[in-house]
Amino acid sequence: MSTATEHAHDDHHHHMPTGIKRWIFTTNHKDIGTLYLWFAFIMFLVGGAMAMVIRAELFQPGLQIVEPNFFNQMTTVHGLIMVFGAVMPAFTGLANWLVPMMIGAPDMALPRMNNWSFWILPFAFIILLASLFMEGGGPAFGWTFYAPLSTTYSGDSTALFVFSVHIMGISSIMGAINVIVTIWNMRAPGMTWMKMPLFVWTWLITAFLLIAVMPVLAGAVTMVLTDKFFGTSFFDAAGGGDPVMFQHIFWFFGHPEVYIMILPAFGIISQIVPTFSRKKLFGYASMVYATTSIALLSFIVWAHHMFTTGMPVAAELFFMIATMLISVPTGVKVFNWVATMWRGSLTFEVPMLFALAFIVLFTIGGLSGLMLAITPVDFQYHDTYFVVAHFHYVLVSGAVFSIMAAVYYWLPKWTGKMFDVTLAKWHFWCSLISVNVLFFPMHFIGLAGMPRRIPDYALQFADFNKWISIGGFAFGLSQLIFLAVVIKACRKQGEPVSDQVWEGAEGLEWEIPSPAPYHTFETPPVVK
Amino acid sequence: MSASERPQHGRLVVKLVAIVVGMFGFGFALVPLYDVFCDITGINGKTENTAAVYDGVTVDTSRTVTVEFITRTNSGMPWEFTVETRRVDVHPGEMAQVNFFARNPASRDIVGQAVPSVSPGQAALFLNKTECFCFNHQPLAAGAEAVMPMKFYVDPQLPEDIRFFTVQYTLYDVTASVADVAMNQG
Ligand code: HEM
Ligand SMILES: [Cu+2]
């Protein structure tokens, strides 16, 4: 498809500082990508530890280990960390590493801003985590911070929560601007729009979603802040405001946000499946259009999170139908992946295993989403474990699995060595089994009526919860295998790999040497 | 790539930042938009905040509408709050009066604010109040009580399929936020 005309050799470029200073002052997209990925991994483990607290408490009915208020802080901060600290920075890290290499650019367009967007992120999370140790505890109102929980019934730490969300938002907005400018202006000659790898396409669209909705989130937290501390009444009925309006504003951000967390995953899967099927991606153009329509539709479905707030029937019908419409382009994608594999020469290397698990498990999550989209039945499912099952299928066995697939796929390119395949397979199979033990029974207890976000539950849910907790601990432990694989890989243990790494891999990033040199494509390649 | 052929990123960045600023503004613009939208459609069950005028309204005796009243106090609001009758039957266009009672059993003066909510929401557009305690703050000294009248008529334009609707008043303690407002009502 294309050739790199030059393989960067850059010995004369190495005036860079060493040690910690290298990482603090770096403007290199590969360094920053690495920083993002490690940060995301650490946050994944921290948020995961909180999930372990939640599952330990729910192992048995009754209150055993933590106070209800602390339990609520755990569900809240677990959600915030996983969304804003793990999944989003991991995708940004992948974008940093891969987008310039895939479009034949020497670096991101705005390297200095890139450094800033990463380095403010740790502070956001230090603030958020520190708020847990304040008197009265950290935020306990759920990651969705509904008013009046976050305005009237919250503690003083709400100010810290608002501040840290602002910083996270600024970081992702800067990251998104950088991605857009890079893709817009820095494609190598010949890299036309419809030749761009799908990971680049999906990230471009994600970046537009980010700059469109992160500011709305910033507005929502600002209103919560002024309602709580400065006497405004945006969400306070006594002062003429409306608490339901909070939900409208939040979900106007929130639904596009869930697509921010899945579109790059679609891109990753669309890179991996063709490689290990040794075929071109089926329906490239339809993938691009499907992604675009998902992104556009995601702005008109937000109220499917609010079916039970007492909307008029016409609005419920509108949001129900619009939501179901989204499954059409989503179905197109799943169809295209399967069609790509059809009659391909499949092999099952670790990235492909994760990609296949993604396709199956994400689809299960999409189907439970469709059930939730049916307004009358959502009255039963809303705020139960069924919703928890739905979004963990799309986010854990969806987004998180795709990130793992991506790491296994590109790690040899980054380090120049093949990772420990045996350990990685252990990681895969342990994760695959435990993730289902963890999340599948949640469908049943949800349908049976167990509400979400509670530290205690009725006795009839005890057996299922025990299994769920066992699955949870197993899934948590399995991720330590992942940690081991990645650490071994970073220590450059393993067999050296070729430039192409995977037989069947296509694209500019596979034409540069392995490990990828510090500077690549200083003279742009020509894409034919 | 040499510096001279480096593409100019500045203009694109400015445009993108403009989108960001615009969307931040849009988040806040949603607040008035939401109110206007609900005002026009009445879908959030809020009624007018000002008195309607009863003038030249023809009474439609061909049908009767049942209006139900619910009183409640927000958490932390100690008042007793009741209504003399749970429901009234009226013809559209006919004036009616309902008295609400409030007593402040607490040992401090409290200013209350009643907020109405109509269900189904569409009926809110057709509930015209010529007088309502919810238009003003209601101050009550410790131990005092008050009769709070509400006069209304149902607009004859009320859709045929609505034969029954509920008006709920919630009393909020707004003493803190109106601490500087003098007691101007008895
Ligand atoms: C086929 C596509 C999908 C449909 C039809 C769908 C539908 C829904 C509906 C109706 C709800 C609200 C349930 C309730 O609260 O009662 C919901 C919740 C949720 N969905 Fe989806 N969904 C889809 C895909 C996704 C994807 C791809 C993601 C993220 C990657 C996602 C993440 C979430 C999350 C996080 C929540 C819960 C938010 C909360 O209340 O905390 N969904 N979904
Ligand atoms: Cu949604």
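Cβ coordinates come from backbone N, Cα and C, glycine included.
TrEMBL labels come from automatic prediction, so no person has curated them.
Given the structure is predicted, the values throughout are model-derived calculations rather than measurements.
Per TrEMBL, the features are as follows:
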- A:23-528: domain 'Cytochrome oxidase subunit I profile' (DOMAIN)
- A:35-56: transmembrane segment (TRANSMEM)
- A:76-99: transmembrane segment (TRANSMEM)
- A:119-141: transmembrane segment (TRANSMEM)
- A:161-186: transmembrane segment (TRANSMEM)
- A:198-225: transmembrane segment (TRANSMEM)
- A:245-269: transmembrane segment (TRANSMEM)
- A:281-305: transmembrane segment (TRANSMEM)
- A:317-338: transmembrane segment (TRANSMEM)
- A:350-374: transmembrane segment (TRANSMEM)
- A:386-411: transmembrane segment (TRANSMEM)
- A:423-447: transmembrane segment (TRANSMEM)
- A:467-487: transmembrane segment (TRANSMEM)
Same-chain residues at least 6 beyond the ends of the transmembrane segment (A:386-411) whose Cβ lies under 8 Å from its Cβ atoms: 37, 40, 44, 82, 86-87, 90-91, 94, 97-98, 258, 261-262, 264-265, 268-269, 271-272, 275, 349-352, 354-355, 357-358, 361-362, 364-366, 368-369, 371-372, 419, 424, 427, 431, 435-436, 438-440, 442-443, 446-447, 452, 482, 486, 489, 502, 509
With pairs 6 or more apart in sequence, are the transmembrane segment (A:350-374) and the transmembrane segment (A:245-269) linked by at least 3 Cβ pairs under 8 Å? yes
Model confidence over the domain 'Cytochrome oxidase subunit I profile' (A:23-528) (mean pLDDT, whole number): 95
Where else in the chain does the transmembrane segment (A:467-487) make close Cβ contacts, counting only residues six or more beyond its ends and a cut-off under 8 Å? 41, 44-45, 48-49, 51-52, 55-56, 58-59, 404, 407, 411, 419-420, 423-424, 426-427, 430-431, 433-439, 441-442, 445
Are there residues at least 6 beyond the ends of the transmembrane segment (A:245-269) whose Cβ is under 8 Å from a Cβ of it, and what are they? 83, 87-88, 91, 94-95, 144-147, 197-203, 205-206, 209-210, 212-214, 216-217, 219-220, 223-224, 234-235, 287, 291, 294-295, 298-299, 301-306, 309, 333, 337, 355, 358-359, 362, 391, 394-395, 398-399, 402-403, 405-406, 409
Go through A:76-99, A:119-141, A:198-225 and flag the stretch with the largest number of C-beta pairs under 8 Å relative to the transmembrane segment (A:281-305). A:198-225
Near the transmembrane segment (A:119-141), which residues from the same chain, at least 6 beyond its ends, have a CB less than 8 A from one of its CBs? 24, 39, 43, 46, 69-70, 72-73, 76-77, 80-81, 84-85, 89, 149-150, 153-158, 160-161, 163-165, 167-168, 170-171
Can you tell me which of A:35-56, A:76-99, A:198-225 gets the most C-beta pairs within less than 8 Å of the transmembrane segment (A:161-186)? A:198-225
Can you tell me which of A:35-56, A:198-225, A:317-338 gets the most C-beta pairs within less than 8 Å of the transmembrane segment (A:76-99)? A:35-56
